Amino acid sequence: FLSLSTALLFRSSSLIRPLAVQKKDRDCPYLITAKIHATPSNYAGSGSKAASLHWTGERILSVVLLGLAPVAYYYPVPAVDYTLAAALTLHGHWGLGQVLTDYVHGDFKIKMANAGLFLLSTVTFAGLCYFNYHDVGICKAVALLWSK
């Protein structure tokens, strides 16, 4: 299963699947084809590598967050706290940015949603840094939550 899904995920060609649609004046369905792109490069403009690099950056950040979990548990130092603050904020910013891309339409609405997202991300990062500096920090706070 893994090799099949990996092959489908990294194919350079698009998948073509039949789609049944009913015509209004007839009762019998007929088939049309719909292209489903399986690679991130198909979403970008021709020759643009920005989408591919962004996708790669998201995956690298996810792996870094997985690696930071045991480091934060065994070495709860301020450097790890601030690294977690930055990584978690960036991860949330990119994730909510994708939600906005999918569900917000219209130029004005997109601009307002992106401004709100940048404000939210800035406040989140500042709050986490404030918490790290003036309180116990992210690592020790999570440890305290688990200890009770």
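Note: Cβ is positioned from N, Cα and C throughout, glycine not excepted.
Now, the feature entries from TrEMBL:
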type: BINDING; residues: His91; note: heme b binding site
type: BINDING; residues: Tyr103; note: ubiquinone binding site
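The residue listed as 'heme b binding site' is 19 Å away from the residue listed as 'ubiquinone binding site' when you measure Cα to Cα. In sequence order, Leu61, Ser62, Leu65 are the residues of the chain that are 6 or more apart from His91 (heme b binding site) and have a CB within less than 8 Å of its CB.
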